[in-house]
Amino acid sequence: MTTSSIVIEPAKVSYNLFIGILWGGFALATIFIAFRTFVRIRTFRRLYVDDGFVFLAWTMLLAITITWQVLASDMYLDNDVATGKLFPPPADFAPRVEKFFRASVAIIFLFYSTLWSIKLSFLFFFRRLYMNIGKLMRLWWAVLALTVATWFVCIGTIEYNCLVPSLLEIEANCSSPYAVNFQRTTLQVNCVTDVVTDALLISIPMSMLWKVRISMRRKLALAGIFSLTAITIAFSIIRVAVISSLTEQPDMSWLYMWSNIEMFAALTVVSLGSFRTLFRSQDSGRKLARHESTTEVPTPLSPPRKRLMRNLTDFISGKESWRRGKEDEDGRSFIPAGSSLS
């Protein structure tokens, strides 16, 4: 898909490296998810809604990985022909590249859906902290609505007109500097929505963490868990920042490699939240306020602050006090205790 106005460079990532990162990252993410599942079942003897979103993200990542295994060679074929490395093109060049472009629609759709499933997993993971606290729950619903809305924005900005038509139509309509600049703009906009939603996921639990009376050690430990999404923010920014200058066609191998790495990192990060059960200690059954100096006269807590302290106590200790009574009504339990996982 070359034109006189566009500079196309050879692929920055070799085929073997691309496939190696693909399966290596998938294997690493799978190991962490298996560990997360083991910890959840061992600790709670059940799975929850946030686990369901993690499994959904893993399933979509598996579909992406298999699709790349089948079609990655077609992406490199397109680059080899476009850069003049392979001339003349093979007889099956057009149908293979068209197949790759159309499959790219599914890959991009699943990419955003995977990332947003992980965001939803984090949202429901933190939701138990806001139980029975009306103000925070209203904020939680607002963040949920914004997260879902931004997913629609990302899906709506996929360049269907440059992926679905025939190769001749794509070359005619999608190789101009304007088309390339539009592609970069949509990538940047989607990066902003990704970063903003991740930042909102962090902001709510972080803002309330410093309002509760727990030891600084526990505050820092919880802040570390709450800040894990900052890792995915970094990879999201890197994915867009590594794109070449505005005078060049974005290198697909480079862009897709970093997209895959971002998904692997996000799935690994969301699984690390299970380490919160490691905070359980000999005093896990006591109120967190007792960890503070016993020589001080405790300040009475307001009802919302008491509920927040209770939720945070359960969150750290591994107890799920909200499993009593209302969890089935609200559907927070993904797999009830005693149910078969097979």
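Numbering starts at 1 and runs along the chain as it is shown here.
Quick reminder: no glycine exception, Cβ is built from N, Cα and C everywhere.
A TrEMBL annotation is a machine prediction, not a hand-curated record.
Quick look at what TrEMBL lists:
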type	residues	note
COMPBIAS	320-332	compositional bias 'Basic and acidic residues'
DOMAIN	36-280	domain 'Rhodopsin'
REGION	320-342	region 'Disordered'
TRANSMEM	15-35	transmembrane segment
TRANSMEM	47-71	transmembrane segment
TRANSMEM	100-126	transmembrane segment
TRANSMEM	138-158	transmembrane segment
TRANSMEM	187-208	transmembrane segment
TRANSMEM	220-243	transmembrane segment
TRANSMEM	255-279	transmembrane segment
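In the predicted model, residues of the domain 'Rhodopsin' (36-280) average a pLDDT of 85. Counting Cβ pairs under 8 Å to the transmembrane segment (100-126), the stretch among 15-35, 47-71, 187-208, 220-243 with the most such contacts is 47-71. Through the fold, the transmembrane segment (220-243) approaches residues 115, 118, 122, 126, 184, 187-188, 191, 194-195, 198-199, 201-202, 205-206, 209, 250-251, 254-255, 258-259, 261-262, 265-266, 269-270, 272-273, 275-276, 279, 312, 316 of its own chain, all at least 6 residues removed from its boundaries and within a Cβ separation under 8 Å.
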